[in-house]
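Undergrad: Quick paste from Swiss-Prot:
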BINDING   68, 73, 79, 308  [4Fe-4S] cluster 1 binding site
BINDING   94, 98, 101  [4Fe-4S] cluster 2 binding site
DOMAIN    80-297  domain 'Radical SAM core'
């Protein structure tokens, strides 16, 4: 039996190389078996790409990453033109191999100690009023990257005192309490952690993660910071039923989560998990009604909704779909 090749620091593994060692194997999709995208998933491209170019140049100038690009988000054009971006800290290489995600897997490099200052200056240069800070999973770090999050929040606020900051954090596997202790020194304005899918699909879609751990992370943060909104997001189209998603919504409310995003899963490549169904806008509307009826203060539900899609409007309680 051949031993797996040792990962080299800083080398990005994608597609087949990324998903080759996960528990539930992904069979590459054949074009004739892939579901055809419905018309409601067509993305309208902007008339001008100048704003997109400006933001990309600002990111490259300071060696920063956006999850918009790294995860191939379908809303990149709209969000960049709107003047918003979700910054991805701690590098662009994840220690997990989730087969729904287009972010590269591998052995990450040491965190850039100057990244918090570079991020703060970039945000100031871009004149942003609301930012989302997320990261890859960093299971290689003792605190899962929590101190780097806190450092980024502190530096951003020093240069941008009026800004609102939302964090979209990983699950801090095995170190939740230590991570929350660190984040308590610089808490965000909105705390977001995505459950992604229903628990019966975790082994297939989120190898290395645990549904209850993720719920506990959200609940424990809320217990420490009762006045800070907590938020979570789910994808549809991975094989779940609407009834399973409804149960997840009830679980989130039982753990005091107040804000919700619900969107359609889109397959990044033939090597990723296939789309098993396209959920209609009417079904998203029904789930939004359910979410609001059980106490979510804000629910953004629609085919192209993502956890950071118009996050500023979500935080203001405005409708996003």
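Any Cβ shown, glycine's included, is placed from N, Cα and C.
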Undergrad: Other than 94, 98, 101, which residues of the chain come within 8 Å of the [4Fe-4S] cluster 2 site, judged by Cβ distance to the Cβ centroid of those residues?
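TA: The surrounding set, listed in chain order, is 96, 97, 99, 100, 102, 103, 105, 136, 137.
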Undergrad: What is the interatomic distance between the Cα atoms of residue 308 ([4Fe-4S] cluster 1 binding site) and residue 101 ([4Fe-4S] cluster 2 binding site), given in whole Å?
TA: 15
Undergrad: Name the residues of the same chain, 6+ apart in sequence, whose Cβ is under 8 Å from the Cβ of residue 94 ([4Fe-4S] cluster 2 binding site)?
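TA: Non-local contacts for residue 94 ([4Fe-4S] cluster 2 binding site): 101, 103, 104, 105, 106, 108, 136, 137.
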Undergrad: Inside 10 Å of the Cβ of residue 308 ([4Fe-4S] cluster 1 binding site), count up the other Cβ atoms and send me the figure.
TA: 28
Undergrad: In sequence order, which same-chain residues at least six apart have a C-beta under 8 angstroms from residue 98 ([4Fe-4S] cluster 2 binding site)?
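TA: Those within reach of residue 98 ([4Fe-4S] cluster 2 binding site), by Cβ under 8 Å and sequence separation of 6 or more, are 196, 205, 206, 207, 209.
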